[in-house]
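Step one of this worksheet: look at the structure below.
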Amino acid sequence: MSEDKTQLFEDKLLEGYEYDGITEYDNPCPKWLMYIFYFTALLAVFLTGYHFGSNSKNKILESYAIKLKEAQTESQVSTEASIQKPEVNESELSSLLQDPDALADGREIFSDQCALCHGDSGQGMIGPNLTDNYWLHGKGKISDIAVSIRTGIPEKGMAAWEERMSEEEILHIAAYIKSIQGTKVDNAKEPDGELVEE
């Protein structure tokens, strides 16, 4: 190669070597690219200090605590609002136990939505056994069961169903669950909660 091909624009001589007919040059990086590199290196140092520094760690934890408290307050307000729905007389709800259509509807919805956690016969799997006289929430009344379905049990992983089901569907499931209480099923989960004598 000729000597003039080793010249850069500003008459700077490039350093390089030739091997097997290929010439390699060591060109300096463009200044704008170096400025970006220095900026990102400084930014990395700053962000590391910010996230692992004692001041920001406390701020992040405080922010998390505030958001958690807000979420818990919203959940509590939602639970209280759904519990304060107009109360239906327990004797009126008990009449659902005599309604074969309501029980069939409740069984169908239970099979589709609840059986995954409570078992196809209510024997309990991840969720508690619904066929015995032990209750974790409420006293086993249809209204108590309906409240549990409506609001869910978030600390146990049960979703609130009031947004996804009508009130009639919730009452039908509650009536169905009440109707299987006291039945003998195979592979029943051990009792959870308090024994409720009727």
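For all residues, glycine too, the Cβ spot is worked out from N, Cα and C.
Please treat TrEMBL annotations as automatic predictions, because they have not gone through curation.
According to TrEMBL, the protein carries these features:
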type     : residues : note
DOMAIN   : 101-181  : domain 'Cytochrome c'
TRANSMEM : 32-52    : transmembrane segment
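The helix, strand and coil residue counts that DSSP assigns across the domain 'Cytochrome c' (101-181) are 45 helix, 4 strand, 32 coil. Long-range contacts of the transmembrane segment (32-52) within the same chain, counting only residues at least 6 positions beyond its ends with a Cβ under 8 Å from a Cβ of the stretch, are 60. Computed over the domain 'Cytochrome c' (101-181), the whole-number mean pLDDT of the model equals 85.
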